[in-house]
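**Student:** Sharing the record's features from TrEMBL:
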- A:68-260: domain 'ABC transmembrane type-1' (DOMAIN)
- A:12-36: transmembrane segment (TRANSMEM)
- A:68-91: transmembrane segment (TRANSMEM)
- A:103-124: transmembrane segment (TRANSMEM)
- A:136-155: transmembrane segment (TRANSMEM)
- A:188-215: transmembrane segment (TRANSMEM)
- A:242-260: transmembrane segment (TRANSMEM)
Amino acid sequence: MKWSRAKADTILVHLVLVLIGVVFVIPLLWMIFAAFDGNATLALQVPQHWTLGNFWAILSDPANQRSFVNGVIISLGQSVLVVIVAGLAAYPLSRYQLKYKRPFMYTILFSTSLPITAVMVPVYELFVFLHITDSIFWTTLFLAASGLPYAIWIMKNFMDSVPIELEEAAWTDGASAFSSLRKIVAPLMLPGISTVGIFTFAGSWGNFFVPFILIQTPSKLPASVTIFQFFGQYGSVEYGKLAAFSILYTIPAVVLYVLGQRYMSTGFQFGGATKG
Amino acid sequence: MAVHAFAKSSGRRKPLPGGASNHSGWRAIMFLLPSWLLLAVFFFVPILLTFYFAFTNLSLTGTSSLATKFIGFQNFVSMFQDPTFRISVIKTIVFLVFSAVIGQQVLGLLLAVLMNERHRVFRSAIGVLVIAGWVTPEIVVAFIFYAFFSDGGTLDTFLSVFHVQPIAWLYAFPMVSVIIANIWHGTAFSMMVYQAALGDVPKEILESAAIDGAGRFQRFVRVTLPMIKGSIATNMMLITLQTLGVFTLIYSLTGGGPGNRTMTLPIYMYQQAFSDYQLGYGTAISLILLIIGIVASFVYLRMLKVKL
Amino acid sequence: MKRRAVCIGSSIALACVGLSGCATNSQHVAPQTSSHQQGEASTVKQRIITVAYQQFGNPPYFNQEWLQQAAQQFEKKYRGVTVKLEPIEASENDFYTKIDLMMKSASTAPDVVTEDTFLINADGSAGYLQPLNTEVKSWPDWSQFSAAMKSGSTSNGGVVYGVPYSTDTRGLYYDVKIFKDAGLPVPWHPKNWNDVLNAAKKIKEKVPGVVPLWMQVGKATGEATTMQTFEMLLYGTPDTLYDAAKHKWIVQSPGFLNSLKWIQTVYAGGLGPSLSQILNAQAGNIESQQLMPQQKIGIALDGNWLPGSWQKNGPAPWPDGTKAYQLTAMPTEYGQAPGYTSMSGGWALSISRLSQNKQLAWDFIKIATDKNNMEWYDVHQGNLAPRKDVADDPSYENAPGQFFKVATSFEKFTHFRPANAQYPSVSTQIQAAVEAVATGALTPEQAMQQYASNVQRIVGASNTEIVSK
């Protein structure tokens, strides 16, 4: 009796999960069907003739190619910068007994809370004042700064979990703090580094607002802005191309997720982060 | 300033065991310097400027863009008389509560709990479907749901089975639509947080509770929930702050409309600052958004009693 | 302490400038200029002037073709100078924002920019635009531009900020077939707002499946919502938007309220298009390139340039378009004198104040706005010509597939928007009010109240007035 009730429970749980999974996948269907359909509309329909034409149309446009390159430069640049700078900052925060550590960490935590959207007007004015508008480099640097608080916070928590004993051995061998960070801590931090890197890349790759405001020259715009412009211009006409563009644009984020996925589960352990 | 503070503090740090004492204070500065420089120039300066611009009549075009004046609290006085501002505060709260606090949080926890202890393959199969929404860039999420909710789109196709007439959901139920889109996009994050947290709950405790006769639900409420309290609060804070700043999704899905029906604060700020050329007023709205963010994180931190 | 931070900051900044310099250079080598540049770089100092304009919707882009033609002629005449066209792919509102952002900084300011005349005063007084008074004085062609046209790109204080290259009028398009099916008279000459409303009601009743009355009401369609819809109504009432004598904005008036009420009647009564069609930034293209060619719109309140889309090489070729649809004048509220109303705006070429090549930019504008180039553009785009010699040219006047003659006749009773630097900010408040009323979010009274308080905030309460009965 009891056994069968447990079994019924199990079946129910599986059913509920499958149902949720199906509900989650339904919105994606349109994008996939439409991308391969030469005559896509907004309606959900299986293409009568499957075609790659939409993809070629997007890929063969030099402006789109350039925007993808720009996007990779910005997002990759930002991720690398964030990982290095946050890693450096996390080291003393994790290893040294700093007197002002607590206020510093509070500041960092508060900073993660500030919606970047909210400071764009002053940021733009600042860029004009410093004569650095319309620059991929400075935009990347700004994005890196905006990703830092979150990254430092996660990095510090990861670093706390790397046992200090390993470093102590290196120190007695005369290694500097920097080289022990590089040679001993960094390899053990790989999960943390990939979590931060992937989070940053994904956030940056999808960020349309910041480059939309800070970059003016069309040839410097990243894919996030061109896809938005494409939607505005042709979105209500060229549905197939929009879907194909969306898929192409989603690929880098998926690839990165697949690559870093095995490290990521530990990246979500926030329980320990708050126990102090 | 802050760098200075660190120089002092790191000099006084307790020497670490085993040879760590040969690390002098300036090392700490060197490690922290790049982050401080970046944060100072691109983060704290803009925040200070936000406080300044919010009290000016700075504008993108017209006479006041040349002769910008300090106008005291005038922006805030008009803001509190501005019905659209009031509407957008309410819309922001509705969007926040339903899409993040309730939607993502509850669904994420539910998924994690239900998936806990299921077969590995089944877990990851369902997990991938949910995570697909999270991996998809925000702007693509907007397109997907534009198609999903459009007149004669995917949702209407499914509902036509039940003989429901096609509805342009984005115009008939705009707020519900953007909330659903945001839940679809964000749930995986909460799910992964809770999966990690549930993995940390020792099985022995749950088993001994079961032996004591606690039912499934009781075990969850009495044992699991208290043990993952920290993750709940942290997750709550993170998604609250993410959701407060959501711009791309709403801007490309509805643009804040129709009328003001999805006009959250970030959208209203953008409209006032960039479409309506009122940079000063837009910045004042930003300041409110910043303050809401700060208050929210403060409340959560208090609830959490975080020690760093 | 402070100094040290600055030092480090600046040394990093220097390193960065080096890097970004490289990045920028490699970005700038556009395919069409690179070969050119290498060929002459050794002999003549290469100069580039940039021209920024809006590009939106489906090709062809006649403004781009026109500027390209002018650029070729210019490059032939001025050896060693390259004209670089910078299309801004953005909806109307985003375009205005974008060019303002660009003109704020010397590194991004284009040399020549296309300016909607409603924004030109604001951008001029914001210091973005170069005054052209001395240039036009010594330019014989300037006398070809009528006084009304010149005033569109001239500030209250007499500063000339641009050379107009197009103007327009607005009226009612009606579908002959739909009108006949609905039993309405053709040709149609409505005498007041009620005539228009009744015609729309009759279409709704007799011809299902078509949009009885199309008028832009979305914030996304920007200035079109203000000008094609709201001002076409307001300027047909006894009231107006701006009291030019007292320099005050009229924030509440019976005419304002009646205009909003009329919009409410149309949309609440199901006489307008669906909100998903009309609140779209693409609404104008959906209207002229999809629904009108399918003859799915009974009446459309819009600009005279619409048939430009239907040209042989236009985005939606439709040779019979100007037979299927006819253009008639928009009546005043009760048919009061002069019986009809219209609005005129237009575009101008301006020079950015931060331009490094002002003389060359001016030389370019002179070529782009000469008689031949102007006529080519106005005929293709379907705009009214601001130059008298073009307007009088029979090949323009009788251009096939256009309504130039009828549209030009509206100039008798047309209105221009207030030449006030605050106009663009006020206009967006009108759009918010119109959208709120059309979607039913606010009543006309509430929307006017909100408009009043927002405009008082923007221009200052002392610069506004309330007109009651």
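Glycine residues also receive a Cβ, built from the backbone N, Cα and C atoms like all the rest.
Owing to the predicted nature of the structure, the values given are computational and were not obtained by experimental measurement.
I'm curious about the neighbourhood of these features; can you describe it?
**Tutor:** Through the fold, the transmembrane segment (A:12-36) approaches residues 42, 44-47, 50-52, 54-55, 239-240, 242-244, 246-247 of its own chain, all at least 6 residues removed from its boundaries and within a Cβ separation under 8 Å.
Sequence-remote contacts of a segment are chain residues at least 6 beyond its ends whose Cβ falls under 8 Å from one of its Cβ atoms, and for the transmembrane segment (A:103-124) they are 93, 133, 142, 146, 148-150, 152-153, 156, 209-210, 213-214.
Within its own chain, the transmembrane segment (A:136-155) has Cβ neighbours under 8 Å at 70, 73-74, 77-78, 81-83, 85-87, 89-90, 93, 105, 108-109, 111-112, 116, 123, 127, 189, 192-193, 195-196, 199-200, 203-204, 207, 210-211, 214-215, 220, 267, 273, counting only residues six or more beyond its boundaries.
With a cut-off of 8 Å between Cβ atoms, the residues of this chain six or more beyond the transmembrane segment (A:242-260) that come close are 30-36, 40, 54-55, 57-59, 64, 68, 71-72, 75, 194-195, 197-198, 201-202, 205-206, 223-224, 227, 230-231, 234-235.
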